Amino acid sequence: MSQHLLLPLVILAISPIPGAFPDSAFSPTQEEPEDLDCGRPEPSARIMGGSDAQPGSWPWQVSLHQGGGHICGGSLIAPSWVLSAAHCFVTNGTLAPAAEWTVVLGVHSQNGPLDGAHVRAVAAILVPDNYSSVELGADVALLRLASPARLGPAVRPVCLPRASHRFAHGTACRATGWGDIQEEDPLPLPWVLQEVELRLLGEAACQCLYSRPGPFNLTFQLLPGMLCAGYAEGHRDTCQGDSGGPLVCEEGGRWFQAGITSFGFGCGRRNRPGVFTAVAPYEAWIREQVMGSEPGPTFPSQSPQPQSVLSEPTDENCTIALPECGKAPRPGAWPWEAQVMVPGSRPCYGALVSESWVLAPASCFLGRISSDHQPGDLDNWRVLLPSRPRAEHVARLVPHENASWDDASDLALLQLREPVNLGAAPRPVCLPHPDHYFLPGSRCRLAHWGRGEPAPGSSSLLEAELLGTWWCHCLYGRQEATVPPPGEPPQALCPAYQQEEAVAGRCWNYSHRSLLCREEGTWFLAGIRNFPSDCLRPRVFYPLQTHGPWISHVTRGAYLEDQLAWDWGPEGEETETHICPPHTEHGACGLQPEPAPVGVLWPWLAEVHVAGEHVCTGILVAPGWVLAATHCVLRPGSTTVPYIEVYLGRAGASPLPQSHQVSRSVISIRLPRHLGLRPPLALLELSSRVEPSPSALSICLHPGGIPLGSSCWVLGWKDPQDRVPMAASVSILTPRLCHCLYQGILSPGTFCVLYAEGQEDRCEVTSAPPLLCQTEGGSWVLVGMAIRGSRELFAAIGPEETWISQTVGEAHFLPPSGFPLWPPESSDLCPPDMAGASGSPQAAIFLLLLTPLIQG
Ligand code: 4AZ
């Protein structure tokens with residue numbers, strides 16, 4: 001089943017003690033012959049405690065095998081009949097052939113030769129006509145054995161409830177099986193039958209829990225014929241592989257089968273108790289199927305029950321369980337912060353993930369442990385936890401198997417010698433399931449991780465907002481890679497810091513941090529980063545969610561918590577597949593961030609403030625370089641270099657606080673060598689690099705012409721005071737049209753544009769706006785910069801490729817694609833009346849387009 005899983009059939013401390021039931025409690029009814037006694041395990045002395053069932057406790061439990069392995073559970077209800085779940089046998093509406101199945105009876109541990117067990121072939125599988133899928137109910141099946149089971153101490157039938165039988169809410173019952181002990185975590189060898197105590201939940205209480213959005217925002221409608229058992233807080237449950245097995249409740253010394261394990265959402269999750277097929281409503285169906293088979297199942301009448309128990313309480317309270325992990329009194333006061341003290345080194349920071357386990361980077365300890373981490377070595381290790389009077393001892397260290405070569409798996413789990421009492425502190429952090437989707441814009445914090453140094457500057461540096469998966473993946477991932485959609489683990493998590501600037505130029509020598517993200521007031525350990533590679537701040541984190549299964553497998557009880565925030569925004573869930581635009585040899589360029597988190601739509605657009613006098617646009621072409629129009633930065637005839645300051649990261653209409661902007665001063669102006677004329681393009685060298693972020697990202701450049709299939713825009717501002725960025729849609733004219741329109745006045749490599757209707761006045765000429773095109777792949781490309789005083793003419797970037805590449809080093813020239821220039825034109829001649837055409841360009845162009853007809 002796909003909606004598998006949960007929690008361990010947790011080991012129960014309480015085992016049934018059949019011998020404790022006085023014989024007088026057993027009074028077979030007249031229609032039930034005594035030799036077919038049901039629901040009573042063989043009385044035996046046994047030890048209490050543990051999670052494995054005692055051999056012989058559940059003699060009706062059978063294992064259903066297909067292809068040589070255990071698939072589902074079942075229960076013996078008569079020598080020739082086994083009760084199980086329909087979904088074990090029906091795939092896509094087709095019932096599996098009975099011959100594929102065998103029934104193993106009297107088995108306890110499924111490891112090795114099945115001592116004392118015996119096997120029966122299946123003669124027929126019967127499923128109700130109205131069964132279609134588990135969520136729609138009727139998940140029940142009967143198996144007729146090819147020959148009767150051999151009854152004995154380890155093989156006995158269970159009692160079935162009559163249709164009138166009522167099991168009281170809150171009754172502690174038992175589920176048994178060989179299913180997974182947690183989601184995606186199979187029962188380990190020697191595969192001993194597990195039992196778990198589950199309380200029956202009333203219909204109202206169960207429906208109330210399932211009406212709250214849970215894993216993947218799903219809710220579920222409980223139907224008649226289903227029953228729920230488990231706990232709002234989760235932890236104890238059935239799981240994949242337990243299906244078809246029995247849920248039994250003891251009454252008057254006999255065990256009645258109240259339910260058949262059917263399904264659930266995950267295993268042991270909060271507010272998601274297991275769902276069972278109620279057996280009592282199927283009395284008639286069962287009797288009908290087994291009719292004529294002797295001896296048949298036993299349906300003892302219910303011993304009288306106090307009326308209070310039988311009446312269905314209508315006001316059953318609905319107690320939603322809240323997360324037990326991830327609550328902090330305030331950001332920064334982390335009740336899970338664990339300091340691992342290893343003699344001879346600085347403390348290593350990790351996080352408490354359960355009452356007995358701490359997660360920390362393996363690189364803190366690697367080299368200190370022999371391959372089998374001798375316990376002697378751990379004797380002097382200590383763990384400091386908040387609000388604990390004394391340091392904890394360490395019993396075991398379990399490094400991740402890939403820790404030594406894969407930075408994304410730089411993890412180790414440390415088991416404390418004694419579990420700690422959980423409360424306000426210490427309290428574990430929540431861990432995400434693999435399908436967790438941290439929404440773009442989530443509020444996050446950076447916390448200590450490993451041997452990181454305290455962050456320089458203010459604590460707001462540790463605040464972050466999560467960027468969209470697309471942006472993060474395409475900036476740091478592979479070009480043309482598919483972006484993982486919500487629900488698939490991301491390859492990277494990118495937080496945007498509140499103060500991009502404050503650490504520029506400073507170096508966090510040890511940029512070891514973990515990323516904590518908050519959902520509905522609950523903190524999750526979302527990512528880790530543990531290498532001091534670039535000495536700037538950390539900006540991309542390895543997601544922890546892929547490690548959830550390993551952590552829960554090792555710890556058997558870390559707090560994996562469901563996603564709590566589901567507000568995907570107005571567009572809802574994004575299902576479209578996104579592909580990252582091509583990278584250049586210097587990485588990603590021209591990615592336009594989704595507007596949501598930071599609000600900057602044009603991360604390459606710079607304000608160039610010249611000598612405190614005027615401002616024009618510039619374009620970030622590499623981490624330390626801005627391209628601008630020469631006429632903007634150098635006064636005609638002047639030879640002195642003015643003081644220039646460059647600002648990046650300006651949001652749309654709403655000016656962002658100063659802290660969002662990135663500023664740099666210009667330390668040199670570079671011009672290409674041009675014969676005679678003053679070159680139109682200037683490169684400004686910034687005082688320091690600007691690392692990629694959603695507020696400052698280099699644009700792509702194109703070596704010639706216009707990338708095929710692109711749409712083009714002039715980007716500037718209308719008002720020189722507020723400088724709100726504006727983009728005006730334009731078409732680029734063919735060289736012939738351009739030449740004819742502006743005959744004689746153009747230098748080669750000049751673009752002319754035609755504004756879309758009503759867009760001409762969107763940008764102020766004095767802003768010296770750039771001409772950008774967005775390629776079909778989605779990257780933004782700079783193709784020209786405005787020529788002095790013109791709104792229509794742009795100096796092409798392509799011809800200056802060599803100069804730009806040599807000056808800048810890291811310029812992002814895309815490989816030539818499509819037609820680098822326009823297709824050849826039929827004639828170089830301009831129509832006679834067009835030379836020096838004045839008046840409206842639209843009118844002139846109309847004329848031009850007509851000329852071939854006129855000439856022809
Ligand atoms: C299963 O896949 C299954 N937690 C059985 C029970 C539950 C979930 C899944 C209930 O067989």
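Glycine is no exception: its Cβ is also placed from the backbone N, Cα and C atoms.
Please treat TrEMBL annotations as automatic predictions, because they have not gone through curation.
Sequence annotations record features per position, and here TrEMBL assigns active site, charge relay system to HIS87 (among others). Within 10 Å of the C-beta of HIS87 (active site, charge relay system) there are 23 other C-beta atoms, taking all protein chains into account.
The Cβ of ASP139 (active site, charge relay system) has ALA85, ALA86, HIS87, TYR131, ILE260, SER262, PHE263, THR277 as same-chain neighbours under 8 Å, each 6 or more residues away in sequence. According to TrEMBL, the feature active site, charge relay system maps to ASP139 (among others).
The active site, charge relay system annotation in TrEMBL covers SER243 (among others). SER243 (active site, charge relay system) carries neither a helix nor a strand DSSP state and counts as coil.
Sequence annotations record features per position, and here TrEMBL assigns domain 'Peptidase S1' to 47-291 (among others).
As annotated by TrEMBL, domain 'Peptidase S1' applies to 326-556 (among others).
What TrEMBL lists as domain 'Peptidase S1' is 602-809 (among others).
The feature region 'Disordered' is assigned by TrEMBL to 23-55 (among others).
What TrEMBL records for 293-312 (among others) is region 'Disordered'.
Positions annotated as signal peptide by TrEMBL: 1-19.
DSSP classifies ASP139 (active site, charge relay system) as coil under the three-state reduction. All protein chains shown were included, and the count of other CB atoms within 10 Å of the CB of SER243 (active site, charge relay system) stands at 29.
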